[in-house]
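Here the structure is laid out as structure tokens; the discussion comes afterwards.
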Amino acid sequence: MKLIVGLGNPEKKYKYTPHNIGFLMIDYFLEKLKKNNIFLLKKKKNVFSYFFEVDKQKILLFKPQLYMNLSGIEIKKIISLYQINIQDIFVLSDDIYLSLGKFKLKKKSGHGGHNGIKNIIENLNTNNFIRLKIGVGYNSKTKIEEYVLQPLDNEKIKTIMINFDFFSNILINFIRGISFEKLINISREKF
């Protein structure tokens with residue numbers, strides 16, 4: 001089974017904030033896959049999970065329902081429950097250091113100051129998972145903590161979401177077992 005995790009905060013007031021880009025990408029990807037059989041499990045102790053199958057590969061899309069900085073706790077539980085290999089994990093997160101709408105595909109890298117990623121690394125005792133860092137920009141006029149929790153305006157959301165189709169393609173290739181190195185090559189084709 002492959003696990004795709006979108007990071008975010010659970011309350012509605014955070015829906016369009018920089019920190020919730022991972023949730024937005026999961027929602028977008030679900031819409032793209034609606035024609036497949038997707039089963040929404042009921043909300044169980046802070047977890048939203050969506051199961052589906054692509055090319056006979058079982059997939060779990062996951063939106064942790066604890067706050068961002070505690071994401072690793074729920075991911076660790078899911079990995080244990082479904083016996084998922086670390087190499088079969090793909091995490092979608094925001095990145096304030098990337099320009100709005102830009103992205104980076106990473107594996108075996110540090111948390112880069114992102115507390116959600118830091119918590120995942122701490123709980124899994126490894127950084128050996130794929131991560132798609134989605135640029136949300138940052139203007140130094142506000143504190144980082146304030147910026148990531150304030151709603152983005154519609155123009156900024158549109159700028160970020162322009163690449164969501166492309167990101168979906170990367171996810172489909174991950175699901176199909178394409179190596180990280182080939183995923184990097186696919187991601188470079190965008191530019």
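The backbone N, Cα and C atoms fix where each Cβ goes, glycine too.
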Out of Asn115, Asn123, which does TrEMBL tie to the same tRNA site as Tyr14, Tyr67, Asn69? Asn115
Tyr67, Asn69, Asn115 filtered to the binding-site residues whose C-alpha is within 10 Å of Asn9 (site 'Discriminates between blocked and unblocked aminoacyl-tRNA'): Tyr67, Asn69
Hey, how far is Asp94 (site 'Stabilizes the basic form of H active site to accept a proton') from His19 (active site, proton acceptor), Cα to Cα, in Å? 6
As a whole number of Å, the Cα atom of Asn115 (tRNA binding site) is distant from the Cα atom of His19 (active site, proton acceptor) by 11
What is the interatomic distance between the Cα atoms of Asn69 (tRNA binding site) and His19 (active site, proton acceptor), given in whole Å? 10
Can you give the largest Cα to Cα distance in Å, as a whole number, for the residues Tyr14, Tyr67, Asn69, Asn115 that bind tRNA in the record? 16
Around Tyr14 (tRNA binding site), which residues of its chain at least 6 apart sit with Cβ under 8 Å of its Cβ? Gly8, Asn20, Leu149
